[in-house]
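**Q** Copying in the features that TrEMBL gives for the protein in this structure:
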type	residues	note
DOMAIN	26-476	domain 'Major facilitator superfamily (MFS) profile'
TRANSMEM	19-39	transmembrane segment
TRANSMEM	86-103	transmembrane segment
TRANSMEM	110-129	transmembrane segment
TRANSMEM	135-157	transmembrane segment
TRANSMEM	169-190	transmembrane segment
TRANSMEM	202-221	transmembrane segment
TRANSMEM	283-307	transmembrane segment
TRANSMEM	319-341	transmembrane segment
TRANSMEM	348-372	transmembrane segment
TRANSMEM	384-404	transmembrane segment
TRANSMEM	425-446	transmembrane segment
TRANSMEM	452-472	transmembrane segment
Amino acid sequence: MAGGAIVNTAGGKDYPGKLTLFVFFTCVVAATGGLIFGYDIGISGGVTSMDPFLQKFFPEVFHKKKEAKTNQYCKYDNQLLQTFTSSLYLAALVASFFAATVTRAFGRKWSMFGGGLTFLIGAALNGAAENVAMLIVGRILLGIGVGFANQSVPVYLSEMAPARLRGMLNIGFQLMITIGILAAELINYGTNKIKSGYGWRVSLALAAVPAGIITLGSLFLPDTPNSLLERGHADEARTMLRRIRGTEDIGEEYADLVAASEEARTVTHPWRNILKRRYRAQLTMAIAIPFFQQLTGINVIMFYAPVLFETLGFKGDASLMSSVITGLVNVFATVVSIFTVDRLGRRALFLQGGAQMIVCQVIVGSLIAGRFGTSGVGDMPKGYAAAVVLFICVYVAGFAWSWGPLGWLVPSEIFPLEIRPAGQSINVSVNMFFTFCIAQAFLTMLCHFKFGLFYFFAGWVVIMTVFIALFLPETKNVPIEEMVLVWKSHWFWKKFIADEDVHVGGNHLQMASNNGAARKGTDA
């Protein structure tokens, strides 16, 4: 590579290559790993609102639900019921750490395969459950599957995609999550009509379908060039890079991958390395972004959508249909993100989506306050209920084109290869931990915070929107192995990165402080 070439840190280099059919189809297959996560998010809330399921496993909740003048805010407040939902996310948290080792040692595809297979077993156990213990064990197996898939899929997509289309292809994962949620909500709507009362079994067992898709699909996936290099298969990596870029002109990108791989081999303890000062920006984002993503309040809507709508005065079928409507909005808004993220950039979507969610949460909280006050006793006329559903849908749209997909995209694209599996594991585990906390606490929080719960989440969205405005640089169009240049030119994070810590394409980069560009030096 020629010395003295200029690299623009705002846009990065645009390596030669195009979106090949091969890359497109492999990314679609890999993204189906999101189906298992989405299906579970959508299915659990619907099942926990079904009377036959509650009668069999949670009779106390069933009787409270049937009381005529029960407090609407508190009728589902039950720790065991919340444990049924939340146990999956605790298991996913633990599994993501083991997944990091598998992903680094054996490649991304085998991590996806292991996740799909474990999820398949969990689905069978849940569909056949006869007691709460079987339900919880099944949920734990589902959680292991989710932990492996969520750890490996976003990284795989970011490594396979051309830099200029990385956002679009990576958001395929979030699109599959939303499709999984919608499919689950439609299935719940149908199975709730089964008169003999076993509809909940069908809903839980059908999780085997998305699990089967990713389990079989992963067997046909190629390894990424990054992973092949990381495991010492240089010739295969070069061949794969030519194939996925659709061109012979891969010299510059391949040199950057080799440099990243050589640096990665010097790191024997990625978990210890990630704590070094030069990775402070990436580590902060890997913790803050998934933490904030859960405190948007979205899982209040997605986990417990039928339960929430029933709490707000909707009847059984109406509550399930309302959740289907929010599921449709979720899918279509995610498609909007796919077509805008590489044009508008990550920051613009984060900031616009945050503002939209804040407004909607304040309005929804106020509408609920107007009907139920603090007592939780009251009813909701049709027009009023329609307004609640409308603003919840606008809120879901704001999340679905901002924090939903970007919460997975940004952490998966910012880590250098030597700490990438560890970084993604931290991202997944923080996400799963706070998902667990929200799932375990939401129904109790609704009982105590009442309508104020929506104001609580709105306050957090204000904080996270300010955080993004101040501390997240734009990462669109930047090659994944050159992301360090973005942090080095940021007003805050540059103080943590010494000039000698910046290596791209095997060359030392001397950062030009006056224009934020990086000038490549001569080979050592």
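Glycine is treated like the rest: Cβ placed from N, Cα and C.
Curation does not apply to TrEMBL; its annotations are automatic.
Values in this document were obtained by computation on a predicted structure and should not be read as measured data.
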**Q** Which residues of the chain, 6 or more past the ends of the transmembrane segment (348-372), have a CB below 8 A from one of its CBs?
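**A** Residues 72-73, 296-297, 312-313, 337, 340-341, 378-380, 384, 387-388, 391-392, 394-395, 397-399, 401-403, 406, 450-455, 457-458, 461-462, 464-465, 468-469, 472.
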**Q** For the transmembrane segment (384-404), could you work out the same-chain residues 6 or more beyond its ends whose Cβ comes under 8 Å from its Cβ atoms?
**A** 174, 177-178, 292-293, 296, 298, 301, 309, 312-314, 322, 325-326, 329-334, 336-337, 340, 349-350, 352-357, 360-361, 363-364, 367-368, 370-371, 464
**Q** Check the domain 'Major facilitator superfamily (MFS) profile' (26-476) for me and report the mean pLDDT.
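**A** 87, rounded to a whole number.
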